[in-house]
Protein chains: 2
Amino acid sequence: MIRVGINGYGTIGKRVADAIREQPDMEVHGVGKRSPDYVAVGADEEGYPVYAVDEDRADGFREIGIDLAGSVDDLVAESDIIVDATPSGIGAENRPLYERHGTPALFQGGEDATVAEVSFNARANYDEAEDAEYARVVSCNTTGLSRFLAPLHENYGVEKARVTLVRRGGDPDQTGRGPINDTVPDPVSIPSHHGPDVQTVFPELDIDTIGLKVPTTMMHVHSVNVTLEERPDDVGEVTDLYRAEDRILTIPDYAGIDGAGTLKDLAQDAGRPRGDIWENCLWEESLTLQGKDLYCMQAIHQEADVVPENVDAIRALEGELSGPESRALTNETLGIDLGYLHDRTDLTAVRRTPDESPADD
Amino acid sequence: MIRVGINGYGTIGKRVADAIREQPDMEVHGVGKRSPDYVAVGADEEGYPVYAVDEDRADGFREIGIDLAGSVDDLVAESDIIVDATPSGIGAENRPLYERHGTPALFQGGEDATVAEVSFNARANYDEAEDAEYARVVSCNTTGLSRFLAPLHENYGVEKARVTLVRRGGDPDQTGRGPINDTVPDPVSIPSHHGPDVQTVFPELDIDTIGLKVPTTMMHVHSVNVTLEERPDDVGEVTDLYRAEDRILTIPDYAGIDGAGTLKDLAQDAGRPRGDIWENCLWEESLTLQGKDLYCMQAIHQEADVVPENVDAIRALEGELSGPESRALTNETLGIDLGYLHDRTDLTAVRRTPDESPADD
């Protein structure tokens, strides 16, 4: 049983904790928390031992009935591995603490790639983390792009990828972030950091990215173009490729799912914890082939898609299972399967025949 | 076992269905659904028999693997009671169908009060529905106001209530509704319909309401002023009154819950289905007494607060349990209890002593 310490119990940390609890081969040893607020109360209600990030605030925890299990230093000493889910930049500051205790650690994608020897995505490069002591689970957007690009890279070769990331302004509980009524180039310099970040997973892959922020809180949406080295027979072949991927939810045309709101509604109807969508959400109708140029749109739930990746990364560092074995176990235990949207009907017919695609030479 | 038919399986209908499934004395006989989309697939996955609202679309259901159980006419004939959760105005059109089959029915608050002989709120007037064949469960906002006003009405008397309703523009999946960047008086005429609607529950209560719409999808927020007939000793007395209410979540100051986003985050952390908040959410810190004038702010989850009211209304019409018995059973089966935010700590101290409230009388 791998004892996992979660340092930072916010949007990602609490989801990773709940995901670890579902695994047969690991357990939550405790969580590091800074503020004695409703989220701390939630951790205590879940039965997670709480360790103080800031010992000066110990009284605040006591006042709301939380018996601290110790300090974060204790948490690091007692755990087999740490998932650092602290805010961007704090992870790098924490690395010396993990080194001092000889405790392996995962960092999140908000850190620079230099924080760890491997940048990790379970679909793309699980094996590279097997000998590492530190790994960085790449960000939600880079995770989504890595999952999307892997099958194209393997089957057709990627000559060049160009992606516009229409990013959510903040998470639903981050009411203080903007923009409130604007579409903001962010960063205005091109490429955004996402392209180089994808190259930490696929070093040879040619990709340029552009980022903007909009006043929504639900999901990021990517407008994707990939020029392939080898042309698929038709777009149906590409659709089938993505239908076979375990962490890509291909949205069938009939479903009436027209945006992030309906996607969240679907996830809630399916009983997903916190309405989380762990998969990339790829609109099948948007998949379009123009010569060797593939186009599509996909939505990425920024709070959720890295959660199964963290679980897999723990197994990669501990060297317990192969990548496919770990992914399958994580998928099964979390319930990463909305395949019933497809299974219930015969959707093998290709949406668009070549004849209906006039510019499709 | 009361066989309940749900006519209209949208935002409210699907939540009412799931709530009924948790009850020991009733069962979902089937649901009426118009469109063969992801929501219909969800109903089928849940095991609810699906009845076609529009028989011309039967082929669409068949194509996605849904074996229709019949038409809505069949659903009405086979059920002991119907919960009509169709869009506003359709309920009234449906009443003749229910009458033809002699099937009692509940309507939702989007209908005019004339659709049924009783406008219902479980806290305020459960008993009035006991002999009725038709009842209207009042809207989310009227439900929230009725729950809030009942304890004041009973303990101090309400001389006059004045409420500004800052309403969400649409639900999260209603991407086509506005406003997208405005604060819109809606309606611009005063009072809005909410005041008169509260009077369908409290006929004698003097209340004026003003409504506006803002570009959010999460919750409504009410700015409340009530001039009381009798002055409470201090605001702590009022706080205690609300802490004792079963469907009012009083938000303690320590929790760091600053808006609808954090409220939804709390509900998700607590494992609530769909992140639903069935209670009024009343900020304790906002409760303020100036002479006989009480002020506060409360948030209302428009998708959820009427759900337990529908369950109770079924029992009221069927004459099975008393109001307090039904409410207690509904609360327990659904898990309407976030009391751990308070139980874990000694919060009996009154937030603000009279001395700190200089303008207080």
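Cβ from N, Cα, C; glycine included.
Predicted automatically and left uncurated, TrEMBL annotations should be read as such.
Feature annotations, courtesy of TrEMBL:
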{"type": "ACT_SITE", "residues": "B:Cys140", "note": "active site, nucleophile"}
{"type": "BINDING", "residues": "B:Thr11, B:Ile12, B:Gly110, B:Arg168, B:Gln302", "note": "NAD(+) binding site"}
{"type": "BINDING", "residues": "B:Ser139, B:Cys140, B:Asn141, B:His194, B:Gly195", "note": "D-glyceraldehyde 3-phosphate binding site"}
{"type": "DOMAIN", "residues": "B:2-140", "note": "domain 'Glyceraldehyde 3-phosphate dehydrogenase NAD(P) binding'"}
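Listed in chain order, the residues near the NAD(+) site other than B:Thr11, B:Ile12, B:Gly110, B:Arg168, B:Gln302 are B:Ser139, B:Cys140, B:Asp171, B:Glu303, B:Val306, each with its Cβ within 8 Å of the site Cβ centroid. In this structure, the CA atom of B:Arg168 (NAD(+) binding site) is 11 Å away from the CA atom of B:Asn141 (D-glyceraldehyde 3-phosphate binding site).
The binding-site residues near B:Asn141 (D-glyceraldehyde 3-phosphate binding site), taking a 10 angstroms Cα-Cα threshold over the set B:Thr11, B:Ile12, B:Gly110, B:Gln302, are B:Gln302. Taking Cα separation as the measure, B:Gln302 (NAD(+) binding site) is nearest to B:Cys140 of the recorded positions B:Ser139, B:Cys140, B:His194, B:Gly195.
Mean pLDDT across the domain 'Glyceraldehyde 3-phosphate dehydrogenase NAD(P) binding' (B:2-140) comes to 97 in this model.
The local packing around B:Gly195 (D-glyceraldehyde 3-phosphate binding site), expressed as other Cβ atoms within 10 Å of its Cβ over all shown chains, amounts to 22. When secondary structure is read from DSSP and collapsed to three states, B:Ser139 (D-glyceraldehyde 3-phosphate binding site) falls in the coil class. Relative to B:Gly110 (NAD(+) binding site), the binding-site residues with Cα atoms inside 10 Å are B:Ser139, the candidates having been B:Ser139, B:His194, B:Gly195.
For the recorded site, B:Gly195 (D-glyceraldehyde 3-phosphate binding site), the DSSP three-state label reads helix.
Across the annotated binding residues for D-glyceraldehyde 3-phosphate (B:Ser139, B:Cys140, B:Asn141, B:His194, B:Gly195), the two most widely spaced Cα atoms sit 13 Å apart. Within 8 Å of the centroid defined by the CB atoms of B:Ser139, B:Cys140, B:Asn141, B:His194, B:Gly195, the record's D-glyceraldehyde 3-phosphate site, lie the Cβ atoms of B:Gly109, B:Val138, B:Thr142, B:Thr143, B:Gly144, B:Leu145, B:Leu165, B:Ser192, B:His193, B:Asp197, B:Val198, B:Thr209, excluding the listed residues themselves. Other Cβ atoms within 10 Å of the Cβ of B:Gly110 (NAD(+) binding site), summed over all protein chains shown, number 18.
Across the fold, the C-alpha of the residue listed as 'active site, nucleophile' and the C-alpha of B:Thr11 (NAD(+) binding site) stand 12 Å from each other. Cα spacing between B:Gly195 (D-glyceraldehyde 3-phosphate binding site) and B:Thr11 (NAD(+) binding site): 24 Å, rounded to the nearest whole number. Counting neighbouring Cβ atoms within 10 Å of each of the binding-site residues (B:Thr11, B:Ser139, B:Asn141, B:Gln302), the lowest count belongs to B:Thr11.
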